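Input: a single structure, listed below in structure tokens.
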Amino acid sequence: MKIGVLGAGQLGRMLALAGYPLANRFTFLDTTGHPSAGIGNVMIDTDQRHLESFLANVDLVTYEFEHLPVPLVQAIEAERPVYPSSEAIRICQNRAEEKALFDRLAIPTPAYRLVDSAEGLEAAARELGTPVVAKSVTEGYDGKGQAVLRDPADAADAWRSINHPRLIVESFVDFVREVSIIAVRGREGDVAFYPMAENIHVDGILRYSLAPMPDLDEAVQQRADGYIRALLDELDYVGVLTLELFQCADGSLLANEMAPRVHNSGHWTMDGAVTSQFENHLRAIQGLPLGETRARAPTCMVNVIGREPDPAAVLAIANAHLHRYDKSERAGRKLAHINLVADSHAELLDKVRACAALVPDAPAPEFSFEGTSGES
Ligand SMILES: Nc1ncnc2c1ncn2[C@@H]1O[C@H](COP(=O)(O)OP(=O)(O)OP(=O)(O)O)[C@@H](O)[C@H]1O
Ligand SMILES: [Mg+2]
């Protein structure tokens, strides 16, 4: 099976690495002019002139990046199967569409308003009560295109700094922790759910993901499974879908956003689950049976951002797995991740601290369950 991937970053690279054992071949279509996949056949197409040769090289198409022109994906869809569909891209690339879908499926979200002026932003901040987070409705990632307003009077500055014609304004959630649920749906509608991960973000960028959580109530996992299943079924979705959530003190979950693809908070599955998110995405889109999603052991993913650690020092940690993306160092850039696997959560936390000491600029790893009796 010859697989076409829209986007050519590290997610595409890891899809290809998972697909070679299945005898898949990969052609990447990069629309940015800066591909980093470093693997497979990479076509740079910033002006949409190479679509025909891309299509001639592929049997089916998937993507690792959702900020793509919808008409381009629709044009591809007319020629080849695209999984997940262009409709998933259309919704997931726009926070207003995404929230409307959550509302329609009764998936709770932070209170929000849509605004298209600085005055509207100020009024929304007043109505919702500060603090609020304002986000551009399209194009955001890694916390870009966002501002926190502590006071409605911050609206003019926030509007200017985001510099986008339409914003979504959300109540700032006082969460206990950030979590995500990743699930995969096959072509026949079969679904498998990964154990939820706890995610630590600093300045809007993911730094740590840990799964399974030692103190997660089974009822909370089931609630998340229900939410993501509703999304998968509604979109008649094929492939891996990610839903980022805030977990509140009473155990309730508020949906933050979703991503129609493999996700950074699922990288732990490469070494910590029976089947990785990348392999399961490829199985799903090819109509193959889905693999088991169970965690093999407590696992933590540590992101490497901006500067790389000494690989030898990282690999000296027992059961540490280094995944480098073969990119050059640049502030804020995701360069690699490290998966740490342990027999217990206590041992895992020791490894995470040891690893954080090696990773340049790694923030202190502080998980919600530390010091609670939930540790096993
Ligand atoms: N309503 C909110 N309340 C509290 N914190 C928030 C809220 N919205 C966003 N954040 C914080 O900012 C981070 C980034 O926000 P969000 O996930 O919306 O942005 P993004 O730029 O699309 O990120 P990603 O890299 O996941 O695509 C969240 O993970 C969370 O830490
Ligand atoms: Mg996010």
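Keep in mind that glycine also has a Cβ here, set from the backbone N, Cα and C atoms.
Feature annotations, reproduced from TrEMBL:
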- Arg95, Lys135, 140-146, 170-173, Glu178, His201, 256-257: ATP binding site (BINDING)
- 99-286: domain 'ATP-grasp' (DOMAIN)
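When other Cβ atoms within 10 Å of the Cβ of Lys144 (ATP binding site) are tallied across all protein chains shown, the result is 13.
Proximity to ligand 1 (Cβ under 6 Å from any of its atoms) holds for these binding-site residues out of Arg95, Tyr141, Glu170, Asn256: Tyr141, Glu170, Asn256. Packing around Asn256 (ATP binding site) is summarised by its Cβ count: 22 other Cβ atoms lie within 10 angstroms of its Cβ, all protein chains included.
Cβ neighbour count for Val173 (ATP binding site): 18 (other Cβ atoms within 10 Å of its Cβ, all protein chains included). The Cβ of Arg95 (ATP binding site) has 24 neighbouring Cβ atoms from other residues within 10 Å, across all protein chains displayed.
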